[in-house]
């Protein structure tokens, strides 16, 4: 198939056209209007970099950046630790392995919005009931404060994605040669040693994939944020995606919202590229 | 030694079961409270329901307009996934078989698009599609092709590389066209990756809330969208809200029950490649 071949173009055209119309054209179109006072329909004045300068003075945006970054860091660590833990657990030759895998993975099939609503009930009513039963004050009044809203989002996120990340770790763990482990066992290596010295280094590539997935998930989180806290109390648990949405569709400041969206892209792309580059480099070094 | 190993395994099984119970507890609490009256929930969240009444479910089913929402979801997901599979596999085949620099460049564009988060194009996208009156179900399906093609092409591209070119050449000598070669020989061989592409896209599109919320009107609302409106109506009435949530996840849980092996394998293959 050469470029001059008409069938080459016919084969790629539908997908390429959709990508261009849905992703690239809107991206460039939106980028252009960030330099104007665009209201979603028309623009009258050219503003230069004014929108971008204002973005950094918008506290609701800078607060959302801070909240999102802290959330991402805490989530990534917990999702990966627990995901790896679950993967190690369900790869020990137990009879209930498959059942456990099925259960841990299940939340991923259900949308973030529905999961968020379910957990809203768990935090507000379930935690409260257990708290009163056992007389534990810290379990009462969840989602009413910034702190419990933050940890609520973290718990939901960990519960949802740990099973997903577990699946990735499992496929790498299963590629660890059995003879290697047996040999180590005969030589007297403990369970712990076998994990750290043999499995862990061989599973390193899984970190690249898992970190990339958890990171981009955490940064782009919207549905769970909407369903669980809706940014409350007083917008203090608003993450980046929601902040951009509200600027556009509640405050109707379209050009301003799009400027935030462009910065959001730069942030997400930068983090993703650095992270993949860093991980690839480390993999080679090992 | 043997005794010790047995004991170790028993403890491991117990730990596994305890974690599994914790994992399932949100679903358990949702389900038992969906059977209770408002008063019972207020009294005790943790107790089992006093009576097994389906009243909550009946009302939630009607208020959700569930059959209509289910139908809308099936149409959107079904059509989107069908065109994603057709056009992504075709594009990936052409891009993989053509070794020119241009072809490599186009492939790179598809991959690079994965770096652009949805929120970065959402506002102009809605504005542009609004101008040409495409904020409807067909517009939405087309958008899913645009957003879904990148990862799907990436996955198909890797799989096509594994199929020897000599197969194409042999068929070519027999006078088969590219179209025939692709659909009769190549596409059937891509079946495992087609499963992966299908599963990853179903999970995403079926559950997507944000994009349909910007594109669809009430009458065409998918399940997550309808759930959002429904939940807004019943914020202080958990008995109905929980019954609605239970109804909404039943289709997914049923499919998962029958196809869990394929689903988990599909997700693993998709993430590892």
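Placed from the backbone N, Cα and C atoms, the Cβ positions cover glycine too.
Where the annotation comes from TrEMBL, it is an automatic prediction and has not been curated.
The structure displayed is predicted, hence computed values, not measured ones.
The transmembrane segment feature in TrEMBL is assigned to B:12-31 (among others).
Look at TrEMBL and you will find B:70-259 tagged as domain 'ABC transmembrane type-1'.
If you look up TrEMBL, you'll see B:74-95 (among others) marked as transmembrane segment.
Here the transmembrane segment (B:107-129) has long-range neighbours at 91, 95, 135, 139, 143, 147, 149-151, 153-154, 157, 210-211, 214-215, meaning same-chain residues at least 6 beyond its ends whose C-beta is under 8 angstroms from one of its own. Sequence annotations record features per position, and here TrEMBL assigns transmembrane segment to B:107-129 (among others).
Summarising the annotation, TrEMBL assigns transmembrane segment to B:141-160 (among others). Within the chain carrying the transmembrane segment (B:141-160), a Cβ under 8 angstroms from the stretch's Cβ atoms is held by residues 76, 79-80, 83-85, 87-89, 91-93, 95-97, 107, 110-111, 113-114, 118, 125, 129, 134, 186, 190, 192-193, 196-197, 200-201, 204-205, 211, 215, 270, 273, all 6 or more beyond its ends.
The transmembrane segment annotation in TrEMBL covers B:181-206 (among others).
Under the heading transmembrane segment, TrEMBL lists B:238-259 (among others).
Distant neighbours of the transmembrane segment (B:12-31): 45-46, 242, 245-246; these residues of the same chain sit at least 6 beyond its ends, with a Cβ under 8 Å from one of its Cβ atoms.
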